[in-house]
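As structure tokens, the structure follows; a few thoughts come after it.
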Amino acid sequence: MIQITKTSVHDQLNQATAKLINQKQIEVSLVEPINEISALQFFKKTQHLGERIFWKNPTGDMQIAGVGAHKRLTPEKGEDRFQSIRKQWEAYLENCLLPEAGVTGTGPLLFGGFSFMDHIDQTDDTWKAFASGEMILAKWMLTEQDGQTYLTHHATIDETTDVNEIANRFTEMKKVLSKPTIEETLPTMQSMHDQFTYEHWETLLNDAIDAIREQSLEKVVLARKTDVLFDNNIPLAEVIERMIDKQTNSYVFVIEQENDAFIGATPERLVQVKGNELLSACLAGTTARGKTEEDDEMLAWQLLNDEKNREEHDYVVQMIKQSVAPYVESFDIPDTPVIYPLKSLQHLFTPVTATLKNDATILELVKQLHPTPALGGEPRDKALQFIDEKEPFDRGWYAGPIGWLDANFDGEFAVAIRSGLITENQATLFAGCGVVKDSDPHAEYEETRIKFTPMLDALGGTQ
């Protein structure tokens, strides 16, 4: 990993070619400030240039959009998927010239995610375009960070490279970005079809409750999915725009793979790493928002004092602490949760902050934390086995880790809930709920119905 002085694109390229004496080729990450365009506009204007990515954190002070893939990192066969990605990224960075003192979110940055299970069911066509893990280094990336905007281009250069041709790519991209945006409208919803009936759901939950009462499980998180059909193809940019507008305090993400797009607005951070600081969160325990302020406060009070939800929440807090403890010097965790309000839902929330030991990387922490009891259950292995055997569909990337990491292995991953898979004019939506010994199948069914609302609302549909 070699640094180059942050100057013009031409100067960055000239510095890079000067380093070629002892190497046949070098990877470069060229960064240039750019004005008057947002990440969402970049996403809209580049829809014909390749597969796209999009990310917005809950505060909105970091937004990323990318198009094209300079590199795709997928797990090597027979290797741990997180360690495999880490090794490949380290190898890439060894031969990469980096802008010095880069702004967070610029320069070499991988964006992608991992499936919920460590495998994808290849007999299920739903997730045919997705691997069990994939992190993408975009060919072009636009970053909004703390009010500033930057354009990053990744390329490979050798002694035959025409420096002017690469520099001219910036000029051509700026021409694309200066063209008027074609606004699209959301199509009309035609139908909504659950993948299995309430009777099937009740049987599944009763099986889980029996297993818990027999003490083979303490808790398991079960999911269901529904297909929503529209009268025309679904424009991703318009869905993103509605998510940003309606799902405040949420991460918004999109990753396109071939003709499919995995998209969501999730409130739940899995882990963030900034230097030696770890930030995670427990977001477990859910209720609806009230129709009036008084109703809202009553529902929040009931959630805070509900034994089942507090029990579920405490599971997650303890698991997060235990999972990352080997990598941590010290923790800072509040004793009791608070309410985390969203547009349609409100959750119990406990922030987790820790100081990391020097040898910890974000991919190791993602591996340790995923899935939390809020997404899988407890004990983890037995809960995952129950889900794998009993749930009648492959979750794919639903409820998996999704996010980004940079050349310093700083980054942020969220939990891909409140999400769906879009293919042309169809959206497959997912929702889950935690099951404990006193769970009521009808109440859990209603909870999952409520959890479909954010995605359905973003698509312009109704239940």
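Backbone N, Cα and C atoms are what each Cβ position is placed from, and that goes for glycine too.
What TrEMBL lists as domain 'Chorismate-utilising enzyme C-terminal' is 199-451. The active site, proton acceptor annotation in TrEMBL covers Lys219. For Glu268, the entry in TrEMBL reads active site, proton donor. Taken from TrEMBL, the feature Mg(2+) binding site covers Glu312, Glu447.
Shown here: features listed in TrEMBL, placed on the structure.
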| residue | record | DSSP class |
| --- | --- | --- |
| Lys219 | active site, proton acceptor | strand |
| Glu268 | active site, proton donor | coil |
| Glu312 | Mg(2+) binding site | helix |
| Glu447 | Mg(2+) binding site | helix |
Seminar exercise, completed: Glu447 (Mg(2+) binding site) sits from Lys219 (active site, proton acceptor) (Cα to Cα, rounded, in Å) at a distance of 16
Seminar exercise, completed: Fewest neighbouring Cβ atoms within 10 Å among the binding-site residues Glu312, Glu447 goes to Glu447
Seminar exercise, completed: In the domain 'Chorismate-utilising enzyme C-terminal' (199-451), averaged pLDDT is 93
Seminar exercise, completed: the residue listed as 'active site, proton donor' to Glu447 (Mg(2+) binding site), Cα to Cα, whole Å, comes out at 17
